[in-house]
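Enquirer: The following block contains the structure, expressed as structure tokens.
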Amino acid sequence: MSIREKLLMKKIVKREKMKKELSQKKGNKNAQKQEPPKQNGNKPSKKPEKLSKKHVAKDEDDDLEEDFQEAPLPKKKQQKQPPKKQQIQVANSDSESDDDEQEDEADEDSDLDEVAEVDEEDVDSGSEDDDQQEDEDEEEPVPAKKTKLLPNKSKAQNGKPAKDDEPFTVESSLAALDYRDSDDRSFASLKGAVSEATLRAIKEMGFTEMTEIQSKSLTPLLKGRDLVGAAQTGSGKTLAFLIPAVELINKLRFMPRNGTGVIIISPTRELSMQTFGVLKELMAHHHHTYGLVMGGSNRQVESEKLGKGINILVATPGRLLDHLQNSPDFLYKNLQCLIIDEVDRILEIGFEEELKQIINLLPKRRQTMLFSATQTARIEALSKLALKSEPIYVGVHDNQDTATVDGLEQGYIVCPSEKRLLVLFTFLKKNRKKKVMVFFSSCMSVKYHHELFNYIDLPVTSIHGKQKQTKRTTTFFQFCNAESGILLCTDVAARGLDIPQVDWIVQYDPPDDPREYIHRVGRTARGSGTSGHALLLMRPEELGFLRYLKAAKVPLNEFEFSWQKIADIQLQLEKLIAKNYFLNQSAKEAFKSYVRAYDSHQLKQIFNVNTLDLQAVAKSFGFLVPPVVDLKVGAAKRERPEKRVGGGGFGFYKKMNEGSASKQRHFKQVNRDQAKKFMR
């Protein structure tokens, strides 16, 4: 029997008892006066009623009389009182009473605790003494109905809350959690704080113990705190923010009609797909909706799915801003949590302006999480903009001696420019049965080496930013599922990607800075108890970079390499490039892009383009005479527009309009009406 029914039964018994006592008193008076008894018609006493501080609303009294019509209740004079302020909108007024009364009695008490920020006077504690209740002739206060954190459908139009409705807020139901680094790091210790459906999914994924970043961040995140997390690559940051996101949506009972409650921003398409894959496994036993939007996908299909309602959304920055500005059916006003993964990478690739616009468009009352492998001044500035409350900082490896994981064996070899390709070919030929990733500095360099190695019977695959999205996706999953293989890639694959069992990371072209080096080598030795190897090729003039790596806590040893065992294919390479027109054109573009990328290095005192021997560099691309490179053209192409607003190609046309007046005539933006007139 529920609390409400118990209170009603007490009320009925008390009133029947009062009626009997009243009839006995009248009978005694009639016997003394020897007058015939009068029919009182079951009228209640005219004793003035006392008005309780905690009153019952008129609509709830009507519900009580409908449920218990067989027990006649005395008519009471209702006194109008202003309704209590409530910060939560009740969902679906059409079925609010029927659905609530059919739920289990055991869930009644726990559900009352899960209601967020209801005024204290609206809920009766039920702890008043029975004697005090019998002495006072007043209505018993009925506990407030269970309310759901859903928009009021009767007061909303087109899925948008009415103006009079206050935005619903989140009060964590995990008040019993204490922020502490518990010795028990098993996921089973989260029982009671995390739903059974989530724990079952984690177990099916094969995880039993939490990593350090997970054990330190899960408790405050489950309590609704803002957090800035810094940990090494492969330390389990993805689950650290996905578990609280899923639990938040589950606690609030989000439905598709409520729109998007959690947004997760990732820097690249591959990382977005990987995060979405982990989320899919974690949501195996939940009924909430989840989706992925990213550049290269069909925007119209994404917009239609957003209109139907996606509770947890994984997105890249540019496409997310496009939907926020141009998809009218995208309901994000009920957003409860914003998660930004690999923040430093997002800022490095030029999406700082997009992030600021996204943060300004989203609701201010939300939980925010920022995760990255490194912390910089730009991240701190973004944290002040995105995090309104005092965030918790969790730096897992701040006090460690090394910035890379323990199972990683890393080193370098000093190689002159003309021998670089021969060393790489020999190394890949020897390790072709292992899983190897090779990093280049430009897309054209990846494209050329991919064509060259496959032409000379060394099977390799490639991922770079100029590929179509379908090709990138197919290659990524093929390499993930393969037991061995060679992947040539740019830094698009250097952040966050969890590719299993990578044996070697080869950095053919030097990274921009130590942070980029850390992210590249983080693709191997991921997880506890795993091992991996990393190799960095350096010119003799670049040895000063080791000082920066040492300052960044990156231990590097020089690897021994037998120069007598290098495959001497230089003559065959030069003949092939001279005869094959397509390889020749690809090699020219790769050479130019390599020199331009070298010129754009941040550490110019180490990577100085003036120290490059272009004749020796050209030999590594198969040329006897180096092609002409215009560094000014490269610099102009590397410039980004001052401000990317997202959608409509604004940044593209703004860049094209810079220059002569003739160009402005050709690339001037026009609206739809002007475009129609022009077409006529």
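Using N, Cα and C of the backbone, Cβ positions are placed for all residues, glycine too.
The structure displayed is predicted, hence computed values, not measured ones.
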Enquirer: Please identify the range among 637-658, 659-680 that Swiss-Prot labels region 'Disordered'.
Expert: 659-680
Enquirer: Which stretch, out of 187-215, 245-273, 361-389, 593-621, is listed as motif 'Q motif' by Swiss-Prot?
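Expert: Among 187-215, 245-273, 361-389, 593-621, the range Swiss-Prot annotates as motif 'Q motif' is 187-215.
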Enquirer: Choose the correct range: of 53-56, 341-344, 481-484, which one does Swiss-Prot annotate as motif 'DEVD box'? Give that range.
Expert: 341-344
Enquirer: Within the motif 'Q motif' (187-215), how many residues are helix, strand or coil going by DSSP?
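Expert: Breakdown, helix to coil: 17 helix, 3 strand, 9 coil.
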